[in-house]
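Before I ask anything, let me first share the structure, which is written out below as structure tokens.
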Amino acid sequence: MGKKARPQSAGPVSARNVRRLLSFQRYLHSSRFIRGIPASNPLGYILDDDYTGQAKLMLEKVGNWNFDMFFFDRLTNGNSLVNLTFHLFNSYGLIELFQLDMVKLRRFLVMIQEDYRSLNPYHNAVHAADVTQAMYCYLQEPKLAETMTSCDLLLGLLAAATHDLDHPGVNQPFLIKTNHYLAALYKNSSVLENHHWKSAVGLLRESALLSHLPTEDRSERLGSLILATDISRQNNYLSEFRTHLDKRDLCLTNGRHRHFILQIALKCADICNPCRPWKLSKLWSEKVTEEFFHQGDIERKHHLEVTPLCDRQSNSVANIQIGFMTYVVEPLFVEWSRFSDTRLSQTMMGHLSLNKQGWKEGRDKQEANTSRASEEQRTSDAKDSNSKELPQGSKRS
């Protein structure tokens, strides 16, 4: 007996659902070669095949720390999150192991990608794909690769892909001081992270991707991973991580300890941009600062107190990044390196040091140029002032 068709809504179709449907259709159209269906436009097929070939070559090196997600996103026509996550599910054997319906999986991934706001300079689907790729790199580290279960891998990748789902492009304090409904809904506590989690659970239900599996505590475990990315709770996780490392009592055969390490790994993946090669790191830094400054512009426009980090008039990309690296990124990655002292950790710490120095040198150069320009302006003003002391228009007889 066939499956019973779902009843159609009598109301109008939402714009978001239309976008999802069209996006899924576009994805299927662009993937015709997988199903052996020839393209009607030979030239278009050649171009598609060329780009797809390059994307496939990149995915063969998806575990490389210098993976360029911006380039991969261009190669996949803006479908980096869908392509990358599907590839990782497949390479880990999760599709076969959990008997996932491939059409449901594709649809779920498209829905995720569509629910990220593409107008956000930073918190968008490309960032989610980048975090997912970083998470994969961490999951490949020996201590994790030897101990993580298939369920851990499934939840870890799902959490990475959905950790900023439907991010509005502003931070929690902004939502609170503007009396946003999300702030009221989640009682001003981990507002964004709760929203990302609940949005992810909603899409899982809508897609029915895991409906054939026992529920257990899957939703809660997914939620605790996403909630760990709340930057305001950073010190709590960092303190617990240090304590474990000092006592040397982490045992990854223990499910609770494995889950904690997954939380730490996702936290690292979420803020790893300063640990990437300079070219990538600088671009991410500029994008996140652009988003910060956009919030500050909104606050100023509506006569709200401007968040210091978001004030373009008193801040710079360099100062923001140096502070972020010093007080947020470095403390966490120092501890991660203690936990997983590998070539990857050494590479990340090396990039972090070089990038921090790069921002400092850039800032110092800019300040020197500003100081020189100010001095030249003062000298020019002084000359103008001296010339004005002479009687104007008089002639010596």
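Placed from the backbone N, Cα and C atoms, the Cβ positions cover glycine too.
Straight from TrEMBL, here's the annotation block:
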ACT_SITE  His123  active site, proton donor
BINDING   His123, Asn124, Ala125, Val126, His127, Asp164, Asp270, Gln321  AMP binding site
BINDING   His127, His163, Asp164, Asp270  Zn(2+) 1 binding site
BINDING   Asp164  Zn(2+) 2 binding site
COMPBIAS  358-387  compositional bias 'Basic and acidic residues'
DOMAIN    47-366  domain 'PDEase'
REGION    355-397  region 'Disordered'
Given the binding-site residues Asp164, Asp270, and counting only Cβ atoms in the protein chains shown, which has the most within 10 Å of its Cβ?
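That would be Asp164, with the highest Cβ count within 10 Å.
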Take the C-alpha atoms of Gln321 (AMP binding site) and the residue listed as 'active site, proton donor' and report the distance between them in angstrom, rounded.
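Here the two Cα atoms are 17 Å apart.
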Work through the binding-site residues one by one (Asn124, Gln321) and point out the residue whose CB has the fewest other CB atoms within 10 angstroms.
Asn124
Report, in whole Å, the straight Cα-to-Cα distance of His163 (Zn(2+) 1 binding site) from His127 (AMP binding site).
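Roughly 10 Å, rounded to the nearest whole number.
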Report the same-chain neighbours of the residue listed as 'active site, proton donor': residues 6+ apart in sequence with Cβ closer than 8 Å to its Cβ, ordered by sequence.
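Those within reach of the residue listed as 'active site, proton donor', by Cβ under 8 Å and sequence separation of 6 or more, are Tyr116, Arg117, Asp164, His167, Gly169, Glu291.
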Any same-chain residues 6+ apart from Val126 (AMP binding site) with CB under 8 Å of its CB? Would you list them in sequence order, or say none?
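Spatial neighbours, sequence-distant, of Val126 (AMP binding site): Met69, Phe70, Asp73, Ser80, Leu81.
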Give me the sequence-ordered set of same-chain residues, not including His127, His163, Asp164, Asp270, with a C-beta within 8 angstroms of the centroid of the Zn(2+) 1 site's C-beta atoms.
His123, Ala128, Val131, Ala160, His167, His196, Thr229
If you count the other Cβ atoms within 10 Å of each Cβ, which of the binding-site residues His127, His163 comes out on top?
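In terms of Cβ crowding, the pick is His163.
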Cα-Cα separation of Asp270 (AMP binding site) and His163 (Zn(2+) 1 binding site), in Å?
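Rounded to the nearest whole number, the Cα-Cα distance is 9 Å.
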Between His163 (Zn(2+) 1 binding site) and Ala125 (AMP binding site), what C-alpha distance do you get in Å?
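So the Cα of Ala125 (AMP binding site) lies 10 Å away from that of His163 (Zn(2+) 1 binding site).
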Could you tell me the mean pLDDT the prediction assigns to the domain 'PDEase' (47-366)?
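Across the residues of the domain 'PDEase' (47-366) the model's pLDDT averages 96 on the 0 to 100 scale.
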Within 10 Å of the Cβ of Ala125 (AMP binding site), how many other Cβ atoms are there?
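Result for Ala125 (AMP binding site): 24 neighbouring Cβ atoms inside 10 Å.
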